[in-house]
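To keep things clear, I will list the structure first and then write my remarks on it.
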Amino acid sequence: MTPTAGKRNRSPVARVSCMLDSLETQLNRLCARSRLFTRKNWQYCCLLSGQLSFLSAFMVLVAGGFPPPMKPTWSAERVHEHYFSHKEGIRASVPLLLLSGGFYLPFAALLSKHLRQIPGIDPILPDLQLAAGAAGIFSIMVPASFLGLITFRDYGPDLTLLISDQFWLNFFLPWPTFLIQAWTVAWAAFADTSAKPIFSKTVGLINFVVPFFYLSLTGVHVQHDGPYAWSGALTFWVTAVAFGVQIGADTNCLFQRIRAMPNDDGAIEEEEEAQGIASP
C-alpha cells in the first residue's frame, strides 16, 4: 500500500488528530520565532488594560448622557424620559461597564506583581491589594446589571426610578475596596527603604491621600442634593479627579518599571536602541 493510499484509508478521527498535530507544530514554530509573547509585553498589556478600564468607564457616562449625572431630586417622569431618550446609548453602556470591570483586574495583578518585588515586604500587602482589586471589579459589574435592566423593557416611571437609584447607589457605595487597595500601595511604598524603591514615596503619598476623598461617597444614600449627593461636586467631580491622579501616578510608576525591565533574552530595551540592534 502506498503512503497516499494509507492516508486515504485513515479514519476521520485519525485525520482530525493529524490535522491538530500539524496545527500544533506550526503554532509552536510561530510562537518560538515571535517576540510578541514575552513577559515584558504581557506587563505592557496589563498596563494598557488598566487604561482601557478607565476609558470604558468614561465612555459609559458619555453614551448614557450622564455627564453630569442625573440628580437624585429628579422626578420619576424626568428620570424615565432621560433613560428612554438615550435608550441605545444606555444599552451600549452595559457592555462597556462590564469591560471596564474586566479590564481592571489585569491592572490590579500588575500592581501586585511589582509590590512583591519590594525587598522584605510582608506578603499580605500584595495579596490584599490583589484581593481588593478583584473585589472592586464587582462594584463596577453589578451596577451594569441594573443599568441593563432599566431599558430591558418599559417598567413605567416609578419602577424605572427605583432601578435607577439601585444603579447609582451600587455604583458609588462600594468604595472601601478601592481605599484598601490604595492604602496597601501606600504602606508598601513607605516601607520600602531600598536605594531604588519600587514605588516612590510621592506615589505612596498620593495613594494615601486620595482615598480620603472617597469618604464623601459614604452619605450618597441619605443626600438628595448638595455636594454630597451622587451628582455633587465633592462626590462626583472631585472624587473622579482625585482617582484619576492616583491612577495616573501608579501608571507612570509601573510604566517606568516595565520599560527598565530586561527583555526575555536578557538584553535591556534601552541598550538595544542605543546600539542600533534591530529586532528580528
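Residue numbers in this text run from 1 along the chain shown.
Just so it is clear, glycine is given a Cβ too, placed from its N, Cα and C backbone atoms.
These numbers come from a predicted model, not from an experiment.
If you look at the transmembrane segment (44-66), the same-chain residues 6 or more away from its ends with a CB under 8 A from one of its CBs are 82, 85-86, 89-90, 92-93, 96-97, 99-107, 109-110, 140, 147, 244, 247, 251, 254-255, 258. The transmembrane segment annotation in TrEMBL covers 44-66 (among others).
The transmembrane segment feature in TrEMBL is assigned to 92-111 (among others).
Residues annotated as transmembrane segment in TrEMBL: 131-152 (among others).
Annotation source TrEMBL lists transmembrane segment at 172-191 (among others). Cβ atoms under 8 Å from those of the transmembrane segment (172-191) belong to residues 108, 111, 115, 118, 120-121, 125-126, 128-129, 132-133, 135-136, 138-139, 197-201, 203-205, 207-208, 210-211, 214, 217-218, 220-221, 230, 235, 243, 246, 250 of the same chain, restricted to positions at least 6 beyond its ends.
Listed by sequence, the residues of this chain that lie at least six past the ends of the transmembrane segment (203-222) yet keep a Cβ under 8 A from its Cβ atoms are 168-169, 172-173, 175-176, 178-179, 182-183, 185-190, 228-230, 232, 234-235, 238-239, 242-243, 245-246, 249-250, 253. Residues annotated as transmembrane segment in TrEMBL: 203-222 (among others).
Annotation comment: TrEMBL describes 228-249 (among others) as transmembrane segment.
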